[in-house]
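What Swiss-Prot records for this protein:
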BINDING   GLY170, ASP171, ARG172, GLN173, ILE174, GLY175, LYS176, THR177  ATP binding site
SITE      SER374  site 'Required for activity'
Amino acid sequence: MQQLNPSEISEIIKGRIDKLDVTSQARNEGTVVSVSDGIVRIHGLADVMYGEMIEFPGGVYGMALNLEQDSVGAVVLGAYTTLAEGMSAKCTGRILEVPVGKELLGRVVDALGNPVDGKGPLNNTETDAVEKVAPGVIWRKSVDQPVQTGYKAVDAMIPVGRGQRELIIGDRQIGKTALAIDAIINQKNSGIFCVYVAIGQKQSTIANVVRKLEENGALANTIVVAASASESAALQFLAPYSGCTMGEFFRDRGEDALIVYDDLSKQAVAYRQISLLLRRPPGREAYPGDVFYLHSRLLERASRVSEEYVEKFTNGAVTGKTGSLTALPIIETQAGDVSAFVPTNVISITDGQIFLESAMFNSGIRPAVNAGVSVSRVGGAAQTKIIKKLSGGIRTALAQYRELAAFAQFASDLDEATRKQLEHGQRVTELMKQKQYAPMSIADMALSLYAAERGFLTDVEIAKIGSFEQALIAYFNRDHADLMAKINVKGDFNDEIDSGMKAGIEKFKATQTW
């Protein structure tokens with residue numbers, strides 16, 4: 001047997017080491033290691049980027065969300081039943097994009113922008129990235145133009161401006177969606193384009209919303225993005241970003257748009273599901289650590305941008321116009337608990353909230369807006385002049401009424417001033433009630449507020465406030481159409497309008513026809 005010299009052994013090893021090729025090889029293709037619950041683990045995708053689209057056999061796509069040392073965790077967009085262990089996965093070098101443009105108006109699409117309304121393919125070629133960086137501070141402009149929701153309670157006390165983020169928060173089944181849908185219906189003649197994003201809702205509910213928008217003539221002005229409860233968690237997580245990109249198309253071209261996210265609680269639940277399946281460490285209420293960033297990067301994209309931004313974006317094609325994207329995110333609370341994790345996050349991100357209360361809804365006050373805890377942080381500057389002038393005492397009257405009503409339960413005899421204040425509060429509360437799918441014009445709203453502010457409701461029975469208001473508005477639209485048209489066009493409040501309203505209401509009250 002031949003004996004090897006130790007020095008020879010070391011020479012052989014050195015030679016082998018020198019010949020070894022240790023240069024790293026970039027690989028564009030990997031192998032599926034495991035598939036479960038819409039999550040795919042892939043080995044060998046060395047140069048994949050976060051958020052990049054990954055192509056699987058059969059035209060199925062995924063999105064890279066976890067970049068680990070020896071594998072990539074990706075979420076499948078759509079059905080994952082055709083995928084199996086051992087299949088190949090390729091990098092595409094692209095991030096997720098969805099179709100954008102005016103061709104989407106009047107259509108219902110899924111989270112990836114595919115039409116689901118049976119009206120044929122989309123006739124557009126333009127696409128844009130789902131994840132985009134929000135405009136910087138320099139490119140933004142302050143909010144000073146109103147978005148009329150058509151609700152007295154909102155437009156008078158919690159006004160919303162173009163480019164604002166106003167949260168609608170409350171328990172289930174108390175009119176959150178109804179308020180948002182009415183706001184969309186009210187935009188059909190305002191020139192504001194609308195996007196309605198349905199996240200994790202029943203398909204029957206989404207179909208009902210689409211039907212109501214069509215019946216009220218607002219669908220032609222609206223894009224509906226639907227990620228129903230039967231869709232995968234990945235599509236429910238992506239739907240708000242897709243809708244936001246579609247809304248930004250209008251903002252960046254000097255138009256105004258309104259987007260409703262219904263609702264972000266379900267998006268957070270979908271994201272929690274994805275994160276737990278990706279084995280990310282859970283935090284409070286089992287949500288991942290970046291659930292705040294999930295909503296902040298979405299809602300920061302709603303903004304009012306300057307003329308310079310629009311001009312730069314359109315390469316000078318549009319000049320002298322600002323663009324805006326107004327967001328109405330909806331959050332569902334559990335038994336009125338606004339201190340839960342997701343509600344507190346979204347309250348801190350948005351520019352105010354409209355708080356809907358179960359007790360008010362159940363007592364027949366609809367919309368059930370609690371004026372005491374609802375606030376609009378930037379909308380005051382955007383409020384129409386006449387509404388701002390006439391709504392000053394409304395909020396105070398309601399706040400004082402709620403406080404006095406609590407004490408009045410224990411007091412047996414009340415002084416005259418307190419009794420009058422209580423009665424005025426009851427009348428204002430009654431006046432704030434409004435039927436669904438019946439948004440009001442600025443002139444109609446101003447007339448109601450004027451009657452309350454100037455004491456014309458004092459001798460009207462509380463039970464007849466609603467019929468009095470309807471008859472008064474009908475009378476003014478018939479006999480004082482010029483005055484109403486002037487208010488709707490300009491929104492100003494002057495002595496001429498003041499005296500015209502006063503004389504008209506006095507004349508109407510003399511007829512006693514309500």
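Including glycine, each Cβ sits where the backbone N, Cα and C put it.
Note that the structure is a prediction, hence the values are computed from the model and not measured.
Here the features listed in Swiss-Prot are placed on the structure.
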residue: GLY170; record: ATP binding site; DSSP class: strand
residue: GLY175; record: ATP binding site; DSSP class: coil
residue: SER374; record: site 'Required for activity'; DSSP class: coil
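Annotated ATP site GLY170, ASP171, ARG172, GLN173, ILE174, GLY175, LYS176, THR177; additional same-chain residues within 8 Å of its Cβ mean position, judged by their own Cβ, are GLU332, LEU356, PHE361. Looking at GLN173, THR177, SER374, the recorded positions in this record, the fewest other C-beta atoms within 10 angstroms of the C-beta turn up around GLN173. Counting in whole angstrom, GLY175 (ATP binding site) lies 15 from SER374 (site 'Required for activity') by their C-alpha atoms. On its own chain, LYS176 (ATP binding site) has ILE168, ILE169, GLY170, ASP262, ASP263, ILE330, GLU332, LEU356 as residues at least 6 apart in sequence with a Cβ closer than 8 Å to its own Cβ. Taking the Cα atom of each, ASP171 (ATP binding site) and SER374 (site 'Required for activity') are about 15 angstrom apart. Cα to Cα, ARG172 (ATP binding site) and SER374 (site 'Required for activity') are separated by 18 Å.
Across the structure, THR177 (ATP binding site) and SER374 (site 'Required for activity') are spaced 17 Å apart at their Cα atoms.
The most densely surrounded of the binding-site residues GLY170, ARG172, ILE174, judged by C-beta neighbours within 10 angstroms, is GLY170.
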